[in-house]
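Read the structure below first, then the notes.
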Amino acid sequence: MNLRVNIAGVELKNPIMTASGTFGSGKDFVDYVDLNRIGCVVVKGVAKTPWPGNQPPRIAEAYGGILNAVGLQNPGVDAFCQDDIPFLRGFDTKIAVNIAGRTIDEYVEVAERLASADVDLLELNISCPNVKEGGVAFGVDPAMAEAVTRAVKAVAGQPLIVKLSPNVTDIAAIARAVEAGGADAVSLINTLLGARIDVHRRAFVLSTKQGGLSGPAIKPVAVRMVYQVARAVHLPIIGMGGIMTGEDAAEFLMAGATAVAVGTANLFKPTATMDILDELITFMQTTGVEDVNTLIGVVK
Amino acid sequence: MNLRVNIAGVELKNPIMTASGTFGSGKDFVDYVDLNRIGCVVVKGVAKTPWPGNQPPRIAEAYGGILNAVGLQNPGVDAFCQDDIPFLRGFDTKIAVNIAGRTIDEYVEVAERLASADVDLLELNISCPNVKEGGVAFGVDPAMAEAVTRAVKAVAGQPLIVKLSPNVTDIAAIARAVEAGGADAVSLINTLLGARIDVHRRAFVLSTKQGGLSGPAIKPVAVRMVYQVARAVHLPIIGMGGIMTGEDAAEFLMAGATAVAVGTANLFKPTATMDILDELITFMQTTGVEDVNTLIGVVK
Amino acid sequence: MCQESKTGRTHCTILSNEPLAEGVRELIFESPAMAASARPGQFVSVYCRHQGQLLPRPISICEIDRDNGRLHLVYACRGKGTREFADYRPGERVDVMGPLGNGFPLGAAGETNLIIGGGVGTPPLVELCKQLPGRKVVAVSFRSDPYLIERLALYGEVLVATRDGSVGVRGNAMKIVEDRGLTGTIFACGPTPMLRAVQAYAARRELPAYLSLEERMGCGFGCCVGCVTKIRDDGEAGFSYRKVCKDGPVFAAEEVIFS
Amino acid sequence: MCQESKTGRTHCTILSNEPLAEGVRELIFESPAMAASARPGQFVSVYCRHQGQLLPRPISICEIDRDNGRLHLVYACRGKGTREFADYRPGERVDVMGPLGNGFPLGAAGETNLIIGGGVGTPPLVELCKQLPGRKVVAVSFRSDPYLIERLALYGEVLVATRDGSVGVRGNAMKIVEDRGLTGTIFACGPTPMLRAVQAYAARRELPAYLSLEERMGCGFGCCVGCVTKIRDDGEAGFSYRKVCKDGPVFAAEEVIFS
Ligand SMILES: Cc1cc2nc3c(=O)[nH]c(=O)nc-3n(C[C@H](O)[C@H](O)[C@H](O)COP(=O)(O)OP(=O)(O)OC[C@H]3O[C@@H](n4cnc5c(N)ncnc54)[C@H](O)[C@@H]3O)c2cc1C
Ligand SMILES: Cc1cc2nc3c(=O)[nH]c(=O)nc-3n(C[C@H](O)[C@H](O)[C@H](O)COP(=O)(O)OP(=O)(O)OC[C@H]3O[C@@H](n4cnc5c(N)ncnc54)[C@H](O)[C@@H]3O)c2cc1C
Ligand SMILES: Cc1cc2nc3c(=O)[nH]c(=O)nc-3n(C[C@H](O)[C@H](O)[C@H](O)COP(=O)(O)O)c2cc1C
Ligand SMILES: Cc1cc2nc3c(=O)[nH]c(=O)nc-3n(C[C@H](O)[C@H](O)[C@H](O)COP(=O)(O)O)c2cc1C
Ligand code: FES
Ligand code: FES
């Protein structure tokens with residue numbers, strides 16, 4: 001059985017990736033997961049300098065999902081290079097770095113700093129709903145999305161994935177724009193903007209009022225968008241949004257994704273990535289699929 | 001305790017409405033629900049002439065929700081006036097008619113036909129994702145939204161609610177446009193576009209591939225949008241999206257809605273409207289709220 | 001005991017949930033009210049405990065035990081919901097709503113009736129046979145492991161087919177019917193290809209026939225217009241979409257348009 | 001028996017789930033592995049059966065019964081999750097992950113220790129008192145109906161306050177502490193206003209103090225950076241956000257910034 005897939009020239013041993021921000025840099029998972037079995041670890045968003053993130057509460061429960069307002073708390077690219085790359089290089093898995101920024105220049109600086117670093121892929125996060133300048137403006141405007149992609153691509157030392165926001169009228173238009181800007185792949189979806197009010201306290205649960213909705217609740221939106229984007233661009237797609245089982249992973253592959261990322265499921269089931277990989281293998285065995293690549297985009 | 005609320009001059013005995021398309025015209029509910037206790041029954045979408053609707057399968061299960069692709073099957077405005085208005089007028093509840101159309105002219109014709117009919121409110125559906133011409137183009141473009149609102153308002157014999165689509169980058173912009181076009185109220189949200197693939201059959205579950213996601217899974221998106229729209233326009237808001245309990249209803253009121261509509265919950269719990277009303281009353285009692293109007297927009 | 005009320009959706013106590021065949025179980029639950037009003041060919045909506053799965057699972061009523069206030073369901077463990085049901089134990093509760101739909105038209109019974117079933121289309125035929133007047137010939141088919149045969153045999157001759165030929169004729173129930181040229185008023189429930197064959201056979205032989213259809217449901221009681229099927233009419237299009245849950249699940253064969 | 005594995009999240013068998021006071025229950029479950037490694041002040045994540053509610057409910061370990069391989073939790077029935085827990089019966093299973101967090105620094109024990117608790121901050125103090133060396137004075141407060149008092153009394157003098165004055169002093173535990181001018185190394189767990197008062201008292205009296213904090217959690221084991229609290233540091237901002245679940249839940253009082 002072949003599980004290997006190829007994202008913009010980088011071969012993953014299997015299509016299971018982690019979704020940025022839900023797996024740290026993997027350190028919290030070594031007790032539960034064999035990191036060597038993960039196709040690619042996508043680390044949490046990294047900015048030029050340390051970001052404090054938002055005030056608590058940062059987490060609210062939603063039906064079949066969670067709302068988060070972490071706000072890209074991170075120790076900055078230097079600390080990342082020093083602490084996390086050596087740790088992850090101790091495992092046989094690919095590394096993708098999710099890049100956060102407030103301006104084109106900030107994104108570019110992080111990419112420049114990483115150009116010589118020992119990582120395999122960059123993921124440009126132009127879709128974080130949780131910081132005012134977390135790229136969300138870039139993610140909802142095709143021209144800005146193209147501009148930031150072009151600028152980062154010019155300095156990138158690794159293939160560039162651009163992560164798309166679902167909070168748009170026409171995600172295909174954004175995908176075409178980042179393709180035009182030189183993206184090597186796209187990943188989607190980031191979280192849906194949502195809010196929750198505590199009716200007893202008469203206040204929003206999250207300190208930021210609104211946050212990002214993730215988890216199984218958003219899966220149908222994600223599958224629809226992956227399908228739309230697969231029809232709009234010629235780039236490999238990393239699909240995510242509520243993946244909980246191997247069949248969920250297969251659903252994204254069939255909709256047109258080349259690989260999938262497991263996000264919120266990691267939070268309440270630390271073995272989620274392994275379980276999903278095992279279930280995907282079982283699904284392929286019982287349905288007679290020899291090569292995972294034959295599932296990609298098979299549903300028209 | 002006062003439960004009465006006012007939507008554009010129409011007084012509802014309480015803020016519990018039904019969401020269009022999930023309650024028919026109420027006939028299927030008489031065994032389970034006392035229609036006299038519902039603030040306002042919003043009937044399923046009505047077009048100029050009968051619409052057949054989409055091929056089955058029209059329903060797919062999603063985590064914490066459902067996907068539907070009914071496609072506005074309806075018997076046309078004449079049959080509606082003949083069969084449903086007399087039935088509903090047998091109860092002490094307000095009637096709102098959800099209007100479907102493919103062109104501005106079609107919307108206008110239905111509104112004209114209803115101008116002399118014995119109904120209390122019109123709800124202009126410019127946001128049905130399930131028919132190519134089901135108004136979705138009107139719902140995602142501010143200029144078109146304003147134009148169709150203006151045209152229908154010119155002939156409307158009743159206050160006009162415009163129902164907004166959540167599948168947009170900036171719902172506040174659409175709300176401002178329909179306010180400019182003369183809308184008397186807005187209702188939101190309609191369903192989120194989503195899709196589901198049956199991985200065993202390797203095909204979309206719905207005949208139309210994508211459909212509309214509703215149910216508790218979408219509630220955080222709906223609450224966020226109600227809050228945004230409440231800050232953008234001066235119109236009364238009818239909030240909906242995944243309301244399952246009285247506290248959910250209170251959450252929408254606190255976010256800025258004047259009334260709420262119960263949708264998908266009706267499907268798997270036919271007493272949902274009554275249960276939610278009872279729970280809202282209990283919530284008001286235990287938290288010492290004398291007038292439901294004091295909850296509206298209380299969270300800033 | 002069931003908490004009977006106007007809720008429609010009621011907590012019912014499970015009395016038994018035993019396997020009948022590989023992947024097929026019989027669930028017996030208590031509900032005097034449902035048992036009192038149920039008719040053959042009606043169904044109930046069974047709800048999952050898993051609160052991510054909100055839709056009803058429509059399951060035909062297999063037997064109505066009015067005396068004891070019980071309903072019997074027979075279901076195949078297929079997807080997430082029915083696999084969940086398989087774990088229920090006696091004494092536990094399950095949410096059920098029903099009875100729903102119109103059931104078979106008992107008044108249409110002929111002198112001879114041809115009862116045709118396939119797989120999990122078989123269960124509703126048990127109560128049908130119990131209540132249907134006239135002579136009954138029953139032709140039923142299964143993938144491999146037949147069930148409910150003895151119960152059906154109480155009411156008429158039962159002819160069995162299996163896809164793998166392990167029991168009875170190799171093939172499906174319509175092969176038996178065609179090979180023997182059976183006639184009578186037809187009542188059928190089973191997979192769509194079988195029902196299509198029943199429709200063609202009934203038309204060819206000019207036999208009255210009633211088909212119990214399946215469709216994915218949103219509500220199960222008529223409000224969502226989710227579960228439609230094409231029914232012939234005089235309109236421009238030649239058909240209109242009717243609800244399987246409320247207008248059906250049983251339709252006269254000549255009205256049904258399989259597409 | 002627990003199905004022990006590296007899953008972290010394990011099905012554990014419930015042995016008992018009895019009320020201790022109005023709206024407060026003690027849940028005892030089996031897990032030799034968790035009992036073997038647990039320390040006072042650590043917590044476990046308890047998961048709901050309702051699959052719409054996916055987040056863990058963090059509950060402190062009240063008692064560790066290593067001999068029998070059991071953990072005791074004491075929880076207040078507040079929201080949807082804890083109200084669901086109240087219905088669990090012995091023999092049923094519950095998903096638990098843990099032990100999580102760092103617990104109280106037993107090595108910091110003084111000759112005299114002042115143990116301060118409020119409401120459902122009290123439970124972890126039982127195992128703390130059991131294991132903490134030195135003399136212990138315990139001051140705890142409740143809304144009205146005290147619980148766990150007898151167990152705490154096994155390890156030291158217990159002073160009780162209630163908000164309504166129905167038992168002991170009227171007010172909260174800090175009123176007792178202040179009124180009596182109690183001193184010692186402080187270990188405290190309770191609502192934020194109380195912890196803020198503990199922090200101020202400890203600073204004024206120059207007492208070492210350790211506070212167990214609460215925050216809403218996404219994962220409970222450190223991966224989501226959801227459960228942060230402000231901890232003083234030398235950086236520009238004067239603080240950084242640290243994780244209650246992994247860096248805490250216990251922090252030295254002088255480090256904590258309540259905002
Ligand atoms: C009127 C009627 C009577 C039925 N009677 C029986 C019976 O007596 N015994 C029996 O074993 N089965 C019966 N079925 C089929 C049964 O409803 C499905 O097998 C069952 O719903 C599958 O649910 P699941 O959770 O296992 O599958 P999932 O795939 O998890 O279900 C997902 C959704 O699709 C729906 N769905 C899936 N398959 C079908 C289907 N074939 N028909 C309708 N909805 C479906 C489910 O209800 C659910 O809403 C009947 C169907 C209908 C419409
Ligand atoms: C480290 C730690 C130890 C705790 N120990 C205990 C204990 O021993 N006994 C006890 O009764 N309670 C304890 N709590 C509080 C307990 O976690 C909450 O009361 C519980 O999570 C509420 O869940 P719910 O489903 O009833 O409320 P809901 O409002 O339905 O919960 C919704 C979400 O908010 C979270 N949440 C709500 N209130 C709190 C809170 N106060 N703290 C953290 N998260 C919250 C829930 O975990 C859940 O994710 C502890 C909290 C923490 C952080
Ligand atoms: C707690 C949390 C933190 C996240 N942080 C980031 C981040 O730093 N960068 C990013 O691009 N996406 C971030 N995301 C979004 C996820 O990577 C993913 O796109 C989204 O959660 C949908 O997938 P899921 O439903 O499987 O979680 C975060 C999500 C969560 C839940
Ligand atoms: C089966 C179904 C049919 C619907 N039909 C209509 C319709 O005819 N017109 C309309 O404006 N909205 C229609 N809707 C959308 C609902 O009115 C409502 O906006 C949406 O479902 C969100 O609310 P909920 O989550 O409570 O269902 C339909 C929804 C469902 C589930
Ligand atoms: S399932 Fe809703 S109308 Fe039939
Ligand atoms: S709850 Fe996720 S880091 Fe603490």
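Think of each number as a place in line: the chain as shown, counted from 1.
Backbone N, Cα and C define each Cβ position, glycine as well.
Curation plays no part in TrEMBL annotations; they are all automatic predictions.
Noted in TrEMBL for the protein shown:
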BINDING   D:Arg57, D:Pro58, D:Ile59, D:Ser60, D:Gly81, D:Thr82  FAD binding site
BINDING   D:Cys219, D:Cys224, D:Cys227, D:Cys245  [2Fe-2S] cluster binding site
DOMAIN    D:7-106  domain 'FAD-binding FR-type'
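All features noted in TrEMBL, drawn onto the structure.
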{"residue": "D:Arg57", "record": "FAD binding site", "Cβ contacts under 8 Å, 6 or more apart": "D:Ser45, D:Val46, D:Tyr47, D:Cys48, D:Tyr75, D:Gly81, D:Thr82, D:Phe85"}
{"residue": "D:Pro58", "record": "FAD binding site", "Cβ contacts under 8 Å, 6 or more apart": "D:Phe43, D:Val44, D:Ser45, D:Val46, D:Leu100, D:Glu214, D:Met217, D:Gly220, D:Cys245"}
{"residue": "D:Ile59", "record": "FAD binding site", "Cβ contacts under 8 Å, 6 or more apart": "D:Phe43, D:Val44, D:Ser45, D:Val46, D:Leu73, D:Tyr75"}
{"residue": "D:Ser60", "record": "FAD binding site", "Cβ contacts under 8 Å, 6 or more apart": "D:Gly41, D:Gln42, D:Phe43, D:Leu73, D:Pro123, D:Pro124, D:Cys189, D:Ser212, D:Pro249"}
{"residue": "D:Cys219", "record": "[2Fe-2S] cluster binding site", "Cβ contacts under 8 Å, 6 or more apart": "D:Pro56, D:Gly226, D:Cys245"}
{"residue": "D:Cys224", "record": "[2Fe-2S] cluster binding site", "Cβ contacts under 8 Å, 6 or more apart": "D:Gly218"}
{"residue": "D:Cys227", "record": "[2Fe-2S] cluster binding site", "Cβ contacts under 8 Å, 6 or more apart": "D:Glu215, D:Arg216, D:Met217, D:Gly218, D:Gly220, D:Lys243, D:Val244, D:Cys245"}
Those binding-site residues, D:Pro58, D:Ile59, D:Gly81, D:Cys245: which ones have a Cβ sitting under 6 Å from ligand 3? none
Across all the protein chains here, work out how many other Cβ atoms are within 10 Å of the Cβ of D:Thr82 (FAD binding site). 19
For FAD, what surrounds D:Arg57, D:Pro58, D:Ile59, D:Ser60, D:Gly81, D:Thr82 with a Cβ no more than 8 Å from their Cβ centroid? D:Phe43, D:Ser45, D:Val46, D:Pro56, D:Leu73, D:Tyr75, D:Phe85
Considering every residue in the domain 'FAD-binding FR-type' (D:7-106), what is the mean pLDDT value? 96
Using Cβ atoms only, which of the binding-site residues D:Ser60, D:Cys219, D:Cys227 are under 8 Å from chain A? D:Cys219, D:Cys227
Measuring Cβ to any atom of ligand 6 with a strict under-6 Å cutoff, which of the binding-site residues D:Arg57, D:Ile59, D:Gly81, D:Cys219 qualify? D:Cys219
Output: those binding-site residues from D:Pro58, D:Ile59, D:Thr82, D:Cys219 whose CB lies less than 6 Å from an atom of ligand 2, in sequence order; none if no residue fits. D:Pro58, D:Ile59, D:Thr82
Out of these binding-site residues, D:Gly81, D:Cys245, which one has the fewest other C-beta atoms within 10 Å of its own C-beta? D:Gly81
